[in-house]
């Protein structure tokens, strides 16, 4: 087939159906790739074949995003075959390539260049055999595909069914020759027994050394979701064989060993050979970033041995923290609610209020242990409070809250499944009631207030309980609190905190401090037939669902205002009360905008000056070196070897710089940015970029300078400089005097000038004032 020909082609109608018809979808994907701006496989033969076939490819619903996946898969298999052929070519040994389910694939044409430069001789170095069903072979022959033209390559197209008996011996392939078997898009359509027989047959037939086999496969998830694939639905075919662990195939035959297991999107080298970030790693980081999670997984390296990750382990890495929150809440709610159920169902014979406090506290303690790496918030209200006051990314709250709600929901379901018989015996089979009924079991799932408490008392009880919980939690976690006083038993402190909170505030309303538990509990009550679960007690449900957010927020606010000194919006953020008050007065027009302090003015001036100053010292050093070499001078090389760099020794030269020290310097566009404001620059000895002061230099004058009235600067002894430095200094000043003035222990080039940053920390000597 001449790809460059523009002559009209005769349309060929492929009479394919069922599984055979799926090869047309794969062909269309390769054609999509070849037409793209950045093709992966670039199979131009596929484009010509698609144009030559009289077939409605649109009915298969081929998506262009699928073309990339198919092309990458094919590229990997091509690479494996090419490596095998390259090795055979180097060793000058004849080999066989057996291509099963070849379909309309032109792999032999794509790889013929590997065998093109043979070593001479009449016997073929590579024997290539394409095998497919007779109907497919007939279509392929009608298309008139060219055979490979490699000089040492023998090509053969055979129609055969690989699931029939004796199909392999009938090919007449040498058994003792190194053989590479490759098949694509075949395994998933075979029955598990047929697939195993095929692998065992191929492994047992070829007895020569160096045999290899490469194929693609799907796992159980692809089997479960196969009806979402338009190609399968339109052709009436289906996936029947899933290979979840390719390493299990090693047990099928004693000569079979797994060499590589490659996911095309999970290799550090993509199909085009360019080094790029793995697609799965990029997807992982992208997903975790949008969930507000850290891009890097929080597991500590070296604790567990590293191993190849399967698909579920990758999913687990993406959602690690939400999974931890899910299981932490499940453990906490299941243990805590079970203690309540045991006390009620045993009519307080095998449990009481003390065991309920103990069970909930132990449940929280073990939940924290389970969810430690996620932060172990275990509560949507507490999670949101930490987002506001402790810098937890707000994007993390939806995933955490959803995980906490699902964990509580599953725990409530397990609780009911475990105690369903006892509930029927206690309350009556088919009878489900709410408090104040003496036989009610609804309190296992959520909280209900005492009937005598008014709405205000219910609100305040939940508010003060959550207020104190958050206040104490922040105190326990304060780096200047319990840790500073030697209390490292964080989880134990939480145990007793929860214990005393239930004991102190649990009687009137049941201490509903977790919205996830109460919300999912009432949901289960509605599912299980408890009537009026949402409207009982004057629609009490909104108090345990929403009041914990208010209580937690106020508790954190109180702790940060009166105690906390760390990073918090109250201390150094936009919530600073003074800043908010000043902003309000400015907004109302009562006060003009306050001028910034000297340090902020200095920073503002510095930023303004930096807009039009020039290249870095290192860049100029490189420029100076090149100029010195052009002039035939060895000064630059000597300076470079001596480790001298920057303006202090090497002067900028060129038409844009002035060599006159008395001339006032004018900044040019693109020149180096100054670190300090222009009015604060002092004389830099020997550097033409800074003008020399008129007053002659003396140590006594400097010691009593008006900028340094108390004479706190220390003066070091004069420095003995090297010959290279003397040459550089002589070149800069134009004088033979190479005496270096005393060096001050202040900021370079500042002669001890006191400069303060915005954070009020001195960068030089402290201001005695």
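Each residue, glycine too, has its Cβ placed from N, Cα and C.
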Of the ranges 488-507, 508-527, 568-587, which one does TrEMBL flag as transmembrane segment?
488-507
Which is it, of 268-288, 289-309, 352-372, that TrEMBL names as transmembrane segment?
352-372
Which residue range, 246-265, 326-345, 386-405, is the one TrEMBL calls transmembrane segment?
326-345
Of the ranges 539-562, 611-634, 635-658, which one does TrEMBL list as transmembrane segment?
539-562
Which stretch, 326-345, 459-476, 488-507, tops the Cβ pairs under 8 Å count with the transmembrane segment (539-562)?
459-476
Any residues 6+ beyond the ends of the transmembrane segment (488-507) with a Cβ under 8 Å from its own?
353, 356-358, 360-362, 364-365, 368-369, 450, 461, 464-465, 468-469, 472-473, 476-477, 482, 513
